[in-house]
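Here is the structure we will look at, set down as structure tokens.
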Amino acid sequence: MSKSIVKELTRLGNTDHTGLLNPIDRPLSYGTAGFRCLATDLPFVVFRVGALAGLRARQLGQCIGVMITASHNPMLDNGVKVVDPMGEMLVEDWEVHATEFVNAKDDEVAAVIEKLEHLVKEGQLNASETPQGKVFCAFDTRDSSQYLHDAAKKGCEFVGTEFVSLGLLTTPQLHYSVRCENDPTFGMAGELGYYESLSNAFNALNKNIDAPNYDKMLVLDCANGVGASKFRKLLGRIDSELLEVEFTNETGSLNYKCGADFVKILRSFPEGLDAAMGVRCASFDGDADRLVYFYRDTNGFCRLLDGDKIAALIAGFIQSEVDAAGLTGQFKIGAVQTAYANGNSTAYIRDVMKIPVDCVPTGVKHLHHAAIKLDIGIYFEANGHGTVVFSQLFKDAISQGDQDNVHLKKLQLFTKLINETVGDAMSDLLVVETILRNNNWSVEDWDAIYEDAPSCQLKVEVKDRTVVKTTWDETECTHPAGLQKEMEELIIANGAGRAFVRPSGTEDVVRVYTEGTCEENAKVLANAVAHLVQKYCA
């Protein structure tokens, strides 16, 4: 390869957005969130990911996305991930290529690119029939993001692929735009197309609904992230009689004492938000792909409505509309959760609503892959990341049915309100507000559908987390032998609840999750399980 890479974007010359030289010699791995670490480590990484995305785009002859964000992480972190043509995550074999490419020494980069170029040619259709492909890139509000965006641009152009900057966007907006660029029937690519699709569906679904118990006022914690300015733009297209939002945490330190992760983990009100009793509140995370709700109860405590409760709300609404439309039993409807889902949410969806629930390993890609096997797949993680996906069979049925059927029309609009490509805080918020209005519910009414089982999570430091192995869905421990049996004995002695352990995917720790009859009971069980982990992993 005759071209040379600028020194600042090499491993040994890695230079960050402040001009700091920071050579990197440690290995990195492409995970569920792509590459994510301190922003100062990332310039050479993002250059190589930009090149990889350009090659992937050329292989498929389609648009590929690159997102610069570290989501709910602190301001000094950043990350980069690749979005495949339908707005989904990068396929696993290219995750392997990404890890290999980034971990290559500077003098090995040319050979890796040559290898990938060969894969591109092998995977292409007839060259004369295959478009060249392009890369869409967007970034969040972090100080380092523009610089890293420019590094991605240089990497993409280094391999000769067209690079299109979409500028400052939420992560879900990039996913949506990539999907639309490759599939125009999904919508119009770009920020305006996104706003138009969601606002039109929301306005149509909520007009002329008599809902005296629903209050259109919402207090929104924006995590001091990109969601603040983008949701203001979206709100400007929504009928003010339908939704009124008080914005908080718009321009301060990203994710600091605020945001969906802060509220979820601490079950506490974000800094800067002092809502009165019963006022409905919501939190985005830094890149607006997670959403949780909360309110102040009569005792002044923070009542959390997380991803599990959002999933239950959506499942109930969809099931009701499908039945009312005369489609009962014609389509496979299901919810997909991980072992971290609150046990009472699973029981409510499965036993009360009679909707099948599938449990999959931790990670959005597992949830998404299970959900797309259904005609209506509802998936959420407890942290508030999730969406609904619809089969083409279902979409065709509701679009070709009796157009005088008001419930079929609602379902059609609902598929437009949901961002199927990925968990999307802005879309999910409009979905929740729509369901509450259509149900004539207050936030307390929603909260009352079931009571969360008290839970506790712990991290146990161990020498080698890989000695702990689990079943595929992570609900049972298969190794070390005897650990699961002793855990089950603890649960019986505890009187109620459940417990599971799993090795962390990122740290040398084993994660413990327990549920009990009360908070203290769950903590006691968690500590007892943690001692077992230390005993078996010593």
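Note: Cβ is positioned from N, Cα and C throughout, glycine not excepted.
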TrEMBL has Asp285, Asp287, Asp289 binding Mg(2+). Which one of Ser71, Ser442, Ser455 is in the same site?
Ser71
From the DSSP assignment alone, can you count helix, strand and coil residues within the domain 'Alpha-D-phosphohexomutase alpha/beta/alpha' (58-100)?
12 helix, 14 strand, 17 coil
Check: same-chain CB within 8 A of Mg(2+) site center, minus Ser71, Asp285, Asp287, Asp289:
Thr69, His72, Asp140, Thr170, Thr171, Gly225, Ala260, Phe284, Gly286, Ala288, Arg290, His385, Ala425
Which of these binding-site residues is closest to Ser71 (active site, phosphoserine intermediate) if you go by CA atoms: Asp287, Asp289, Pro503?
Asp287
Quick note, Asp287 (Mg(2+) binding site): same-chain residues at least 6 apart with CB under 8 Å of its CB -> Met67, Thr69, Ala70, Ser71, His72, Asp140, Thr170, Thr171, Gly225, Val226, Gly227
Whole-Å Cα distance, Gly505 (substrate binding site) to Asp289 (Mg(2+) binding site), is 21
